[in-house]
Amino acid sequence: MTKTLPKDFIFGGATAAYQAEGATHTDGKGPVAWDKYLEDNYWYTAEPASDFYNRYPVDLKLSEEFGVNGIRISIAWSRIFPTGKGDVNPKGVEYYHNLFAECHKRHVEPFVTLHHFDTPEALHSDGDFLNRENIEHFVNYAEFCFKEFSEVNYWTTFNEIGPIGDGQYLVGKFPPGIQYDLAKVFQSHHNMMVSHARAVKLFKDGGYSGEIGVVHALPTKYPFDANNPDDVRAAELEDIIHNKFILDATYLGKYSDKTMEGVNHILEVNGGELDLREEDFVALDAAKDLNDFLGINYYMSDWMQAFDGETEIIHNGKGEKGSSKYQIKGVGRRKAPVDVPKTDWDWIIFPQGLYDQIMRVKADYPNYKKIYITENGLGYKDEFVDNTVYDDGRIDYVKKHLEVISDAISDGANVKGYFMWSLMDVFSWSNGYEKLYGLFYVDFETQERYPKKSAYWYKKVAETQVIE
């Protein structure tokens, strides 16, 4: 049976400042930790990325032509405040005014994120969000943006609080590159959630027009053997690390007893303790019913198996299928069923996981109000032939995920839009320019854009709301 989506559904494309803009030191932009980190540790940098800083009119014209009526954009904090605080950079402010004006001219609604992995270097080297002073700096930055950019109708505080902490302190593939420090992961998540809550409360108290929410990456976690209580426990603990801890903070304004039992177990086994203060919970509680929407980024699910051994994580950065490894002491290890498809980067393709995650939010956090799927897409080694990419695998991936969104809506979930990652090809944080996701192919040498087969397919779905 052919499935459909509502008439007012947003068919969007997603970007992020650092992954798309290039121009990393142009017009007064301050440095971010990624600048030197990529130079020192990877085979690529954020120059030129997709040169969105100069070519956004081209990308927004393409968006309009291909039925994309929403775009996720992030503001680079260090374009506004080069050191994260203090003096404002007027050229950075002007750039985003021009960008948002172009969005509205092209009838592409901007959904604007304040922080997408790119804390200014001056604050990052001072502890980033492990340093509580950063909460104040973020709230001040947020307030400036709310006042300055009144043309923005949809605000997101953070993109993917979970993967920020994981990347920085667990997997160690984001600066500062620390591995296996679970206490830092949870503390970073907590402090960012307090920052989020304070910014949301400020937005509502300030009477600013528009809506505000947060974007969480929510990979669904399943037990490898649902009949084995140890596997069930492993999945629950892994879910706490990646999903439940931040969802509780967002919508309960506290951590449930079950969540804290899991956190305490993980820290008992791995060492470290948390600094959770009374005023933090006052802030979380004050914001728990003020979120206008939840953004869910969903790419994959994981299966967890009980495991008794030391932590070891191997990140598959170059698309060498089967080279990744993930096992955490006192938690479990990832072990997927053999019949579940994976990408070359070992990301598990499982659309049902998106349905299950949406329905979990609906059941466990009934004050969620509404959901946007703010990222979903297929990373692929695209082949450019005949001035296009015949990306049938991407079409199949997106189609199956749109179908389960349609199912979730039919089953009572309030899902209002979908943003494909990514609008045009961008560079990937820890995979470089080989892992591509865009609707529009980017020749990174000439910066020419070419619509892929998926762009024509997406246009038809956006125009008809029929998934076929």
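Every residue, even glycine, has its Cβ placed from backbone N, Cα and C.
Using a 10 Å radius centred on the Cβ of Asn297 (D-galactose 6-phosphate binding site) and all shown protein chains, the other Cβ atoms total 23. Residues or ranges marked as D-galactose 6-phosphate binding site in Swiss-Prot (evidence: sequence analysis): Gln19, His116, Asn159, Glu160, Asn297, Ser428, Trp429, Lys435, Tyr437.
Taking all protein chains in view, 25 other C-beta atoms sit within 10 angstroms of the C-beta of Glu160 (active site, proton donor). Per Swiss-Prot, the feature active site, proton donor maps to Glu160; the stated evidence is sequence analysis.
Annotation comment: Swiss-Prot describes Glu375 as active site, nucleophile, evidence class sequence analysis. Within the same chain, residues at least six positions away from Glu375 (active site, nucleophile) with a Cβ under 8 Å of its Cβ are Ala14, Arg72, Val215, Ala217, Gly295, Asn297, Tyr298, Tyr299, Phe419, Met420, Trp421.
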In whole Å, how far is Glu160 (active site, proton donor) from Tyr437 (D-galactose 6-phosphate binding site) when you measure between their Cα atoms?
18
Taking the residues Gln19, His116, Asn159, Glu160, Asn297, Ser428, Trp429, Lys435, Tyr437, which the record names as binding D-galactose 6-phosphate, find the longest CA to CA distance and state it in Å to the nearest whole number.
20
State the count of C-beta atoms found within 10 angstroms of the C-beta of Trp429 (D-galactose 6-phosphate binding site), not counting that atom itself.
20
So Asn159 (D-galactose 6-phosphate binding site), by the Cβ count within 10 Å over all chains shown, scores 25
If you count Cβ atoms within 10 Å of the Cβ of Tyr437 (D-galactose 6-phosphate binding site), leaving out that atom itself, what do you get?
25
Sort out the sequence-distant neighbours of Gln19 (D-galactose 6-phosphate binding site) for me: same chain, 6+ apart, CB within less than 8 Å of its CB, listed by position.
Ala46, Ala49, Ser50, Ser422, Val426, Phe427, Ser428, Trp429
